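Notes follow once the structure below has been shown.
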Amino acid sequence: MLSRSGRGVAQMIFGSIAKLCVRAGITADAVTITGTVLTVLWALVLYPLGHPVVATILIMATVIFDSLDGQIARLTGTSSTWGAFLDSSLDRVADGAIFTGIIMWMLRYNLYGNATVSLIYVALSATVAALCTSYVKARAQSLGLTANVGISERADRLVVVLLGALVTGAGWWNWALGTAIIFLAVAGWITVLQRMCTVYQQSHRRKNRK
């Protein structure tokens, strides 16, 4: 939801920055790869070391600039199937690193006492749901169908989990992260089911036309 509504705003805000990158000779692929490497670094180093606020702020800053790769590609006329594939693939790497880093933080510092292990299982479920959400969409597109529905897209997941980590890490409300993880697990699997139902309906409509 947020990814669709925020795209126009991001283009307006970062349009000038993208133009500067083009003048500096920075390519869209370079932005994509650099953003992923930095996200993985912040997540897998700072969260386990017990610096969740710094990690979250740096990841937020890195993710915000994720829209630059697409804008640079459009400005330079280099939009391509490869670029779209690279961006989508590395998004999954970044998402996995964020959840892994947060799980390591929860486990190492036993954030929720006796409930920590249970929440880690929930976090793993949320991670699998996120990957399935992306896979269902990609598979549907490969079959000539669409699966853009759902209450939990990538932007939504990132906002929820990063805000939860920030609030908990800052000591404002310890259960902010736990609540966010539970919400993402539930919303993630609902989104998978929504997309599967959409693909089922489309495939049957296509079959009935033949």
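Glycine is no exception: its Cβ is also placed from the backbone N, Cα and C atoms.
As annotated by TrEMBL, transmembrane segment applies to 20-43, 49-68, 119-136, 181-200. Summarising the annotation, TrEMBL assigns CDP-1,2-diacyl-sn-glycerol binding site to Asp29, Ala30, Val31, Thr32, Gly70, Arg74, Ser80. Sequence annotations record features per position, and here TrEMBL assigns Mg(2+) 2 binding site to Asp66, Asp87, Asp91. Residues or ranges marked as active site, proton acceptor in TrEMBL: Asp91.
TrEMBL feature annotations superimposed on the structure.
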residue	record	contacts (Cβ under 8 Å, 6+ apart)
Asp29	CDP-1,2-diacyl-sn-glycerol binding site	Asp69, Gly83, Leu86
Ala30	CDP-1,2-diacyl-sn-glycerol binding site	none
Val31	CDP-1,2-diacyl-sn-glycerol binding site	Cys21, Phe65, Leu68, Asp69, Ile72
Thr32	CDP-1,2-diacyl-sn-glycerol binding site	Asp69, Gly83, Leu86, Asp87, Leu90
Asp66	Mg(2+) 2 binding site	Gly35, Asp91
Gly70	CDP-1,2-diacyl-sn-glycerol binding site	Ala28, Ser79, Asp87
Arg74	CDP-1,2-diacyl-sn-glycerol binding site	none
Ser80	CDP-1,2-diacyl-sn-glycerol binding site	Ala73
Report task. Starting from the Cβ centroid of Asp66, Asp87, Asp91, which together make up the recorded Mg(2+) 2 site, report each further residue of the same chain whose Cβ lies within 8 Å of that point, ordered by sequence. Result -> Thr32, Gly35, Thr36, Asp69, Ser88, Leu90, Ala94
Requested in this report: Six or more residues out from either end of the transmembrane segment (20-43), which same-chain residues have a Cβ under 8 Å from its Cβ atoms?
Outcome: 55, 58-59, 62-63, 65-66, 68-70, 72-73, 75-76, 78-79, 83, 86-87, 90-91, 93-94, 97-98, 100-102
Report summary line: Same-chain shell around CDP-1,2-diacyl-sn-glycerol excluding Asp29, Ala30, Val31, Thr32, Gly70, Arg74, Ser80, C-beta within 8 angstroms of the CB centroid, reads Thr27, Ala28, Leu68, Asp69, Ile72, Ala73, Thr78, Gly83, Leu86, Asp87
**Report entry** Protein Cβ atoms within 10 Å of Asp91 (Mg(2+) 2 binding site), excluding its own
**Finding:** 19
Requested in this report: Within 10 Å of the Cβ of Asp87 (Mg(2+) 2 binding site), how many other Cβ atoms can you find? Include all protein chains, please.
Outcome: 20
